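Undergrad: This is the structure I want to talk about, given as structure tokens.
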């Protein structure tokens, strides 16, 4: 057995003449264990919330969104877009336009985000699963229908399948507003509500989904003009490769974004929050680890006779330093391993059993937990680095005065 490790282990578990050294060592190890456990649990909870948020956003977001950098609307009947349609892995190609409009429903008035979509858009299984009331139908014969976001429906009291129409107004493009008859300066379309849409992400809560043909007529666009082309890919398709192919086909005048790019701000904020929490908890572990500094210093002073004996037996200074370094390392890593193991166990219980419930009416009943091996490795590596620094200081400073 490695001699410094063997002696360090004996020192760690043997009873000291001063009981306070045992107490400080135990407190240090317990503190590190608690900090490690909390770190694993908090990171896993953040992973769980990130997974929930991603699933809510991903359900309603297209795999790839194409917009024009130079103008709000663009034509989709060009040769370039025909090439995009024929790319392998493209499951659906949907045109859409979005504008802020004024609308009335009964005696209620308000503004909303109008989104004109094609019929194929309403047939997407992921989007149909977001309908919480009614159906995702936008045409009934020649009658134009609409699906409302949940918040919009609640605020304006819009009821699905009721006979009251939703009247939508939008300024006539390139027209002057008439002060005598303001209504003549507005385009008007009428829709009948058929369903309520709720994705959970909040990005479509104030949206009114309507047929793209009526939306174009309202805004004053011609056929094959769109503000966004939304693409969904086949299962297993390489998204990053498809994005590169579309960019090469369309050229520099278009933005091609995958799901992460479409919600880059949300995902970036979640990563920053997770990193900040990790640093705060790691700082707490650093503070707790300072107790190891004190316990090692006291142990070195107590073991002066043993140190002298080892020197007489021919032990080098490096071996003596390694003994106390290994002991401090074991105190810290023992607490870290126990804490991480307990944290993983508690997370698994929460993940598969569900002990702590979410307050209020959230989309999930219990706190979501996702354990990532990378978090465990980073936590272990961070504590190991702290252990290297904390144990190196007393072994060098205190032993240099004795040896």
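Just so you know, glycine gets a Cβ as well, placed from its N, Cα and C.
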Undergrad: From 304-328, 329-353, which range did TrEMBL mark with transmembrane segment?
TA: 329-353
Undergrad: Look up transmembrane segment in TrEMBL and report which of 247-267, 373-393 it refers to.
TA: 373-393
Undergrad: Taking the transmembrane segment (20-46) as the reference, which of 275-301, 329-353, 373-393 gives the largest number of Cβ pairs under 8 angstroms?
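TA: Looking at each of 275-301, 329-353, 373-393 in turn, the most contacts to the transmembrane segment (20-46) are made by 329-353.
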